[in-house]
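Novice: Before I ask anything, here is the structure I am working with.
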């Protein structure tokens with residue numbers, strides 16, 4: 001994981017082995033998946049195919065006693081753990097990734113399975129400054145690799161779109177308010193993006209174009225990847241009196257990929273005083289034996305941001321820091337992922353990743369880092385790939401930000417660039 005820089009201060013569980021691979025045990029299912037397996041045929045007889053997932057989520061939410069399926073899920077997890085401990089495959093490499101429509105997606109008639117899209121469902125009329133999430137379940141049998149992202153969004157409607165990978169979504173509602181205490185419909189359930197650990201796969205803002213990953217690079221999802229659902233969060237700038245179908249088109253490959261992608265977020269908290277310019281900085285040490293190959297970066301602030309930069313910092317035996325620029329960009333430009341110019345750059349265990357946002361406050365109020373359009377943000381997204389199957393276990397680097405955190409006083413860095 002990336003750590004902060006030094007500071008002062010009664011259905012049978014499905015069969016356990018796939019028939020089309022090297023005998024690797026089948027991924028365990030959640031209580032919801034097991035319940036859905038028992039009830040999907042009944043639901044399909046009562047609603048239209050494309051409404052099965054919505055009906056299932058609503059019924060599962062209202063179900064008071066889930067203990068039967070929770071016990072089955074517990075037993076299935078124990079089965080999976082036991083069989084993985086005993087499993088001896090022909091190699092340590094993961095099974096071939098094949099993009100295939102999973103049983104769940106077929107049964108539910110999910111839009112994404114047929115068109116490779118994840119979109120807001122029909123009937124959404126977003127409010128201004130609201131955070132809305134929706135989810136798509138993935139194939140539990142096989143892994144697949146996402147290699148490209150294209151936004152489906154009206155100009156000036158959404159402030160940002162973020163695609164997350166989750167073990168389970170924050171709720172099983174078709175849409176929910178996932179912006180904490182920020183604005184949102186009173187009729188919409190509130191919830192987190194994910195139930196537990198979340199992984200950022202992609203982010204978009206300010207009319208950025210589509211993104212295609214480099215050759216042989218992809219985000220691994222589904223199967224045994226630990227990512228069982230995709231959750232899309234849209235932060236709407238403005239209300240819309242018509243139905244909105246904001247989303248993403250995802251491209252994929254059926255070939256096995258040697259390079260697995262991940263996205264790291266460097267971010268700060270903090271606040272800036274009126275009529276002031278401030279540096280918001282964060283830095284974290286890479287403390288896992290993983291070699292990162294950065295290939296794209298993205299900067300994000302709100303309207304007060306002037307410049308965002310990301311760096312690799314390496315300390316020599318004399319304690320002197322050497323800074324290598326990953327990328328620097330004006331956050332008021334389209335907030336696309338920009339290719340890293342240094343194609344040979346490697347980030348290794350013991351190196352430090354650092355980011356800085358220059359924020360200028362010309363207003364007569366204190367502006368804090370926060371979720372609404374009247375707050376500010378300091379984000380530097382770094383896409384990287386690794387050879388093999390392992391990426392960082394924690395892809396977030398967070399600092400308290402100004403006025404309580406700076407590179408020189410809290411992270412104790414030197415030779416700091418201007």
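A Cβ is built for glycine as well, from the same backbone N, Cα and C atoms used for every other residue.
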Novice: Which of 377, 383 does TrEMBL put in the same Cu(2+) site as 159, 160, 235, 300, 302?
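Specialist: The record-listed residue among the candidates is 377.
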Novice: Give the mean pLDDT for the domain 'HMG box' (25-88) on the 0 to 100 scale.
Specialist: 77
Novice: Among 194, 378, all listed as disulfide-bonded residues, which has the most CB atoms within 10 Å of its CB?
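Specialist: Its Cβ has the most other Cβ atoms within 10 Å: 378.
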Novice: On a simple 10 Å Cβ count over all chains shown, which one of the disulfide-bonded residues 357, 397 is most densely packed?
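Specialist: Answer returned by the neighbour count: 357.
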Novice: Helix, strand or coil by DSSP: which one applies to residue 377 (Cu(2+) binding site)?
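Specialist: Assignment for residue 377 (Cu(2+) binding site) reads coil.
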Novice: Among 159, 160, 235, 300, 302, these being the binding-site residues, pick the one whose CA is nearest to that of residue 397 (disulfide bond).
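Specialist: Spatially nearest to residue 397 (disulfide bond) by Cα position is 300.
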Novice: What Cα-Cα separation, expressed in whole Å, is found between residue 300 (Cu(2+) binding site) and residue 378 (disulfide bond)?
Specialist: 6
Novice: Between residue 284 (disulfide bond) and residue 377 (Cu(2+) binding site), how many Å separate their Cα atoms?
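Specialist: The separation of the Cα atoms works out to 18 Å.
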